[in-house]
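Summarising the annotation, TrEMBL assigns domain 'GH16' to 1-183. Taken from TrEMBL, the feature active site, nucleophile applies to GLU69. As annotated by TrEMBL, active site, proton donor applies to GLU73. Positions annotated as N-linked glycosylation site by TrEMBL: ASN77.
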Amino acid sequence: MYLTWGVQHASIFGEDLHLVLDKTSGSAAQSKRSFLFGSIEMLIKLVPGNSAGTVTAYYLSSTGNQHDEIDFEFLGNSTGQPYTVHTNIYTQGKGSKEQQFYLWFDPTADFHNYTIHWNPTQIVWYVDSVPIRVFRNYEKDGIAYPNKQGMRVYTSLWNADEWATRGGLVKTDWHGAPFMARFHHFRARACKWGGAKSINQCASNVPANWWTSRRYKQLSHSEMRQLNWIRKNYMIYNYCTDTKRFNGQIPPECFKPQF
């Protein structure tokens, strides 16, 4: 990873990345390489105290108008209120696939593992090895899936108080600045993107591409139980049930099994 903006107050020491937000600017970093399929993981300790209005982002993205993207975003909270985990996916430049969750622990007290597992069959968002969301490949049914563009890993901490906390009702309290999010142990066990040739190379079912093995084609029975537990107890928003948002035209992937 290397710093891309806010370099005057962010820092990287070995495996430790500190991103800082104050009134002058936020900060960000990104990976040096792009990847297509594999497992991307990071240990993150979120902004403590009154973090309302702030967003800590950790995501994969390609570039351009037709970009693909897989998101974790952590929406700050007023002291005593839970953080919101905001997930989304863009395919060929189109997003609007948000699902949001509360966490079942204090994400500011210690580091926790946030992993994006992405292969030709499915994308799984994990928190401390617990799956919270799945998006499966239904390309054969005309539903776009991110499988033809390499993506870099990005992290950022920025002010989004126009929407981040209670829809923008709660603003950033700059008396608490500077805000800091800590990242550690970035790991990309993934296929390195080398241009168009990688589309087939990274998806081929060979032993070196461990992410294509049978084990990773769907969740295990225990993972299914965990996913259902999360959805029942901690999901707070699902675009698939927001009937007012899409003029009654629910996106087609919402009618498909996502596990």
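Cβ from N, Cα, C; glycine included.
Automatic, uncurated: that is what TrEMBL annotation is.
Each residue contributes its Cα atom, and for GLU69 (active site, nucleophile) and ASN77 (N-linked glycosylation site) these two points are 25 Å apart. The number of other CB atoms found within 10 A of the CB of ASN77 (N-linked glycosylation site), across every protein chain shown, is 25. Cβ neighbours within 10 Å of GLU73 (active site, proton donor), excluding its own Cβ and spanning all shown chains: 19.
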